[in-house]
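Everything on this sheet refers to the single structure shown next.
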């Protein structure tokens, strides 16, 4: 974290220090658990398309946005600008709220699964709920520490 701060005045890491600084190392876990959520939902029969459509939107959007941010941090796109700290905090707050709503809706869709769905699809949806709540927790933690970083910048 010190090299990024020394080079441009930013507390955002660049290069591979993204993978060793907190809270930015959470990108890896957000990427993994977010990807698992949309893969599990896509592979199951969708019992409530409208509800799970929102869950798919949130998980794919956050997966792509997290991947984009992580790549931009690695290549140093932020260039030491403090506006990137604001962007980071805002994104993670929005992602945490979106994922919380998606987690609750996925739990609702799983609870209300009716006859005609196999146990395999039911278990895939249960796993998607668990991973969605893990992703929510990761985004909340990242949002809190990004807000702390934003306030101190």
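Just so it is clear, glycine is given a Cβ too, placed from its N, Cα and C backbone atoms.
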Same side of the membrane, residue 79 and residue 151, by Swiss-Prot annotation = yes
Helix-strand-coil residue split for the topological domain 'Cytoplasmic' (148-153), DSSP-based | 5 helix, 0 strand, 1 coil
